[in-house]
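Feature list (source: Swiss-Prot):
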REGION    1-37  region 'Disordered'
COMPBIAS  14-33  compositional bias 'Gly residues'
DOMAIN    38-106  domain 'R3H'
MOD_RES   Ser1089  phosphoserine
MOD_RES   Ser1090  phosphoserine
MOD_RES   Ser1092  phosphoserine
REGION    1164-1288  region 'Disordered'
COMPBIAS  1164-1174  compositional bias 'Polar residues'
MOD_RES   Ser1202  phosphoserine
MOD_RES   Ser1263  phosphoserine
MOD_RES   Ser1267  phosphoserine
MOD_RES   Ser1281  phosphoserine
BINDING   Lys1294, Ser1295, Ser1296, Trp1310, Trp1360  RNA binding site
Amino acid sequence: MSRPSSVSPRQPAPGGGGGGGPSPCGPGGGGRAKGLKDIRIDEEVKIAVNIALERFRYGDQREMEFPSSLTSTERAFIHRLSQSLGLVSKSKGKGANRYLTVKKKDGSETAHAMMTCNLTHNTKHAVRSLIQRFPVTNKERTELLPKTERGNVFAVEAENREMSKTSGRLNNGIPQIPVKRGESEFDSFRQSLPVFEKQEEIVKIIKENKVVLIVGETGSGKTTQIPQFLLDDCFKNGIPCRIFCTQPRRLAAIAVAERVAAERRERIGQTIGYQIRLESRVSPKTLLTFCTNGVLLRTLMAGDSTLSTVTHVIVDEVHERDRFSDFLLTKLRDLLQKHPTLKLILSSAALDVNLFIRYFGSCPVIYIQGRPFEVKEMFLEDILRTTGYTNKEMLKYKKEKQQEEKQQTTLTEWYSAQENSFKPESQRQRTVLNVTDEYDLLDDGGDAVFSQLTEKDVNCLEPWLIKEMDACLSDIWLHKDIDAFAQVFHLILTENVSVDYRHSETSATALMVAAGRGFASQVEQLISMGANVHSKASNGWMALDWAKHFGQTEIVDLLESYSATLEFGNLDESSLVQTNGSDLSAEDRELLKAYHHSFDDEKVDLDLIMHLLYNICHSCDAGAVLIFLPGYDEIVGLRDRILFDDKRFADSTHRYQVFMLHSNMQTSDQKKVLKNPPAGVRKIILSTNIAETSITVNDVVFVIDSGKVKEKSFDALNFVTMLKMVWISKASAIQRKGRAGRCRPGICFRLFSRLRFQNMLEFQTPELLRMPLQELCLHTKLLAPVNCPIADFLMKAPEPPPALIVRNAVQMLKTIDAMDTWEDLTELGYHLADLPVEPHLGKMVLCAVVLKCLDPILTIACTLAYRDPFVLPTQASQKRAAMLCRKRFTAGAFSDHMALLRAFQAWQKARSDGWERAFCEKNFLSQATMEIIIGMRTQLLGQLRASGFVRARGGGDIRDVNTNSENWAVVKAALVAGMYPNLVHVDRENLVLTGPKEKKVRFHPASVLSQPQYKKIPPANGQAAAIKALPTDWLIYDEMTRAHRIANIRCCSAVTPVTILVFCGPARLASNALQEPSSFRVDGIPNDSSDSEMEDKTTANLAALKLDEWLHFTLEPEAASLLLQLRQKWHSLFLRRMRAPSKPWSQVDEATIRAIIAVLSTEEQSAGLQQPSGIGQRPRPMSSEELPLASSWRSNNSRKSSADTEFSDECTTAERVLMKSPSPALHPPQKYKDRGILHPKRGTEDRSDQSSLKSTDSSSYPSPCASPSPPSSGKGSKSPSPRPNMPVRYFIMKSSNLRNLEISQQKGIWSTTPSNERKLNRAFWESSIVYLVFSVQGSGHFQGFSRMSSEIGREKSQDWGSAGLGGVFKVEWIRKESLPFQFAHHLLNPWNDNKKVQISRDGQELEPLVGEQLLQLWERLPLGEKNTTD
């Protein structure tokens, strides 16, 4: 066969492709092979290689070999494709014998930096004390060794099935003969339904067959009537029956049950009932139960006998193909053999009939026609033509069309121009500063950057600016003048030029030019500044296409890894119109081109919808309008426009009723939707695809279909789940159209072209093929026969998922201890199957219950389960502002998880104050996402209560499981336990992040850890700088996306090595996990053996602790032994809690948790990580913690009052990071060392985590957030002592126990409740002396008094036995003797309603004269009791 041997670059199609051959299919392949430079090889070779590699990826082999007959070009193609698929390829041999092998990554090819863990003295002490009091018992030890043989499966199975029966199951009832139906007002309506004519035929066919398919158009009445036909027939013939009818959604199950009960004139809960998770209305009389697919599945998990008393199962809406319905059918097909009397009815609106006929073996199909009313359809081009819709961008496009052709010509010249062959249009003046250092975000009070309205539109730019920008871009391109970037950045910042500025003669942006020239660090800087990676030049090329065309492979990787994570579906319309638009009329084609040019297909055009809605409301007859939108975000956005923002509607809201339909919505709203509106009022319904089939609104005449749906998809090889917006299927589009013709002829407006409609998929991809399967594998274990492997059971599904994906999921469940080696569920596994979140998040939540920090973890887990609440603005300057908001929420904690938590808490506060809309806009948050997270939290907490993890009162109640919620180190431990194995290690020497299988991992630009510098212009070596700034060597992350050689992580948190050592790896460690120094030296250091003699000597005295294939720690023997024992204590405690969630805690349990908390807190502190305040607050009307963020930037010289400082975001996050840590960090962030920011210590009385910060221009920063002290005047100055001319203040301090007072007297410290901190701090700064008088509750005495000698810090003490205390402050004890209350009987406090001084609550202030008299009483104590402390 002929082979073109040249490797000439071909011009990729507009919109970017390259690649030639088909891109590898399958979940992992998607568009990922697009990075292949267009290597010219035969099409059939490409296809063959693609298929071979795809089989290899999903198969069992570790390695495959390609024949030596390949040419070098073909080998190049294979190398490149392998790389893009995450495989390792190598060529060996010479000349004609040169052959190529491809291997899967197993982690062995990554060399790792040594993993160490140095414990502080306090940590060792805490663990030693625990182990001395409660040594690890033999029982605990043996229970934590790997199992060597399988247990008695049947016994365990029975016991655990019993245990996990708590909730969400259908009751066992017995079949009975139904009662006679009552007559109702709906009878005539029922008889008018199309399904009614077929009543006898349907009943007869169901009697004669085990399985029946019923396909009826939407609104034909099949959902409500078929179950009633069965009931009526059984009543007539005196036959007992019991029917389950499943719905894909909770809302539908309730709505249909209520409607059917009403049609039979019964109350719900009699013959007709419903059951959804955590809510049911059923009684012993109930014969027809509507439930969700999930509830029926959970019922079947209790054993096959649960269906022995059921006569009919109806699975409705089968076409939705959600994973539960596919999964249910798999199980039901098995059960039909076991229960000969059981009948299965599948009903659906649009069904892939042949698939199901094949699946159930030639079962009969009944077709029911819909209603006859005609529905006119209008596609996008018709809408644009008839309504004359245009927007600013469309007008601009029409104007610029001629210019575009000119630009394309200039671009072509640019591409062919060799370097320096052009004279630059103008010699630029070199006026460039070293911009990067100049612009620190802190110089101008932060927000100011973004307040200068957003970037100027190119039309508003002055001619000199346009000329200057053009000259810079031309120089960069034509002369590879990398220095010109400094000027570009300078103009973007100082002149507000958009980062997406287009060269006026070629339309190229800075990002395209940098990508084409291969300037990697500038590409990174531009992306960090918010440059749009999807922006296209006049020839349709994006930056990615520039990089491909000019062979810049590193940049191709970079851009692909970035856009792979942007959650973009594949929605681009304009390329479709260009390639296939030949059968459109010229006018339509132009209209569509102009429209697509003006609007981003990754969104929903709410402007166009408002335009249409206005037209309908003003020119059409009455009738409800149903608008299909992809998700809750768009629903809320459109609702706000109609009710508040659009004058055309907002001024006459009495003429409209707006309803929202979404599966997470309250059921009450849904009932209102079904009612007819008053005369003269138009109903407008905003809905997701739930209104496609599940809920029928009769009076809809107009449908507006956005044509999009949000779909969760999962890349099984990368373990990444994304919520993507995708085009709906043809079947869905037809369904949606059918919603309009229910009561009279209607119109369906489709916001997509005819061409798009023709290119849509026929049916939606089954969820089973695009969802993470861990959750499903857990359920499979409970459904499948005892000895049936999970993969075998799932292979029986109507469309089974690939075996490799199932295997990966099972492997992951074993890794997180949900399953053992034999695929049997562990105690943890049974509980995880019960929780409505993915298993790793379930584990995180259960660990939080045991660590008693549930609340923050509930919020974080639900956010991770749903989606990131931060929205990505389109404008670059806004992207930077959004990033800063995210940063501000992290409060310097090196944690994206913190940003999620605090954003949610701040939103709740704003919500309780009634300004959540403005709050969300200001902070780039999605109101809709927050509302859904609240719903998920409630459901998850409900499930924990149902399973006994959270009790109603007493030990284990909601307060108890939140004892440690304020301690961020403990919260992070629960995160680590849930996120394992998603860990990354910092290689300090090479400044890279490494993972178990990745040599090089990068921060995703959306992570707050990616830019610790807070520069407006990110530094050129951004990643290295970010890694350098990390305070610890370990990170956890939520997801990693790979594109070629680059792995990106997002949603990360920095954690201490001790957290990894205790909470990562399997609970059951092999007995040789700990290797003492002698044996360790013989084996050499795993993966780390070094050539240098010196290193061997230093490591020879160290022990090794091996947690899994990758986590091999090298540490001193004592530390290794202590940590191993602490691990064992934790894991055996966790196991006990899983076995008996509601059992009271023992002394050992409490001591173990206390020790763990002490260790985590000490190590966190020694790493220099901040302990932010307020993270443990429960969702409730919130405290001053979240004052409106507007006050975040204060004038530098105003002295902060304590009222201002409570909000810990008062100062910029950067300052927080710059604050000195309480004790030296393990790796002091290099950047601060270099810049000499760490100043000498302040006065001895002062807490050490303040430093007076001087900025480069010597204007001082606001004081660090952690302390409300005024900024100190000069470097190293003493902390100002309280002023002598100020008043003296007196406060009563109540203590719950005497031990705390003893500690206070020994150590000279005290802590009070957060509510008292504010007033004490204020008193400390506003008075000369603050006296504290102590009294132990119930003792009848005052136990002495002290003077407050420092303000209250953020640091907490682990010494106090009481929960809920705030930061530590210093006190000087003056008297320590007890003064009986009777000595003070005569003293009344006018500041407390003249009550006696001893009747004071904690923190009660005394009127100064009374305070002074009280202290003088100590002088009168009898001599024997005096014991002054001088």
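Sequential numbering from 1, following the chain as shown.
Glycine is treated like the rest: Cβ placed from N, Cα and C.
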TODO: Identify, in sequence order, the residues in the chain of Trp1310 (RNA binding site) that are 6 or more apart from it along the sequence and have a CB within less than 8 Å of its CB; answer 'none' if there are none.
DONE: Met1293, Ser1304, Leu1332, Ser1346, Val1368, Phe1369, Val1371
- [ ] Helix, strand, coil: count each for the residues of the compositional bias 'Polar residues' (1164-1174), based on DSSP.
- [x] 3 helix, 0 strand, 8 coil
- [ ] Give the sequence-ordered set of same-chain residues, not counting Lys1294, Ser1295, Ser1296, Trp1310, Trp1360, with Cβ within 8 Å of the centre of the Cβ atoms defining the RNA site.
- [x] Met1293, Asn1297, Asn1300, Leu1301, Ser1304, Ser1311, Thr1312, Phe1334, Val1336, Ser1362, Leu1365, Asp1402
TODO: Could you tell me how many residues in the domain 'R3H' (38-106) are helical, how many are strand and how many are coil under DSSP?
DONE: 32 helix, 16 strand, 21 coil
TODO: Please work out which residue of Lys1294, Ser1295 has the most C-beta neighbours within 10 angstroms of its C-beta, and give that one of the binding-site residues.
DONE: Ser1295
Open item on the list: Under DSSP, is Ser1296 (RNA binding site) part of a helix or a strand, or is it coil?
Closed with: coil
- [ ] Measuring CB to CB from Trp1360 (RNA binding site), give everything in the same chain under 8 Å that is also at least six residues away in sequence.
- [x] Asn1300, Ile1303, Ser1311
Task: Ser1296 (RNA binding site) CB neighbourhood, other CB atoms within 10 A - done: 16
Task: Secondary structure of Trp1360 (RNA binding site) (DSSP, helix/strand/coil) - done: coil
Open item on the list: Can you work out the mean pLDDT of the predicted model over the domain 'R3H' (38-106)?
Closed with: 80
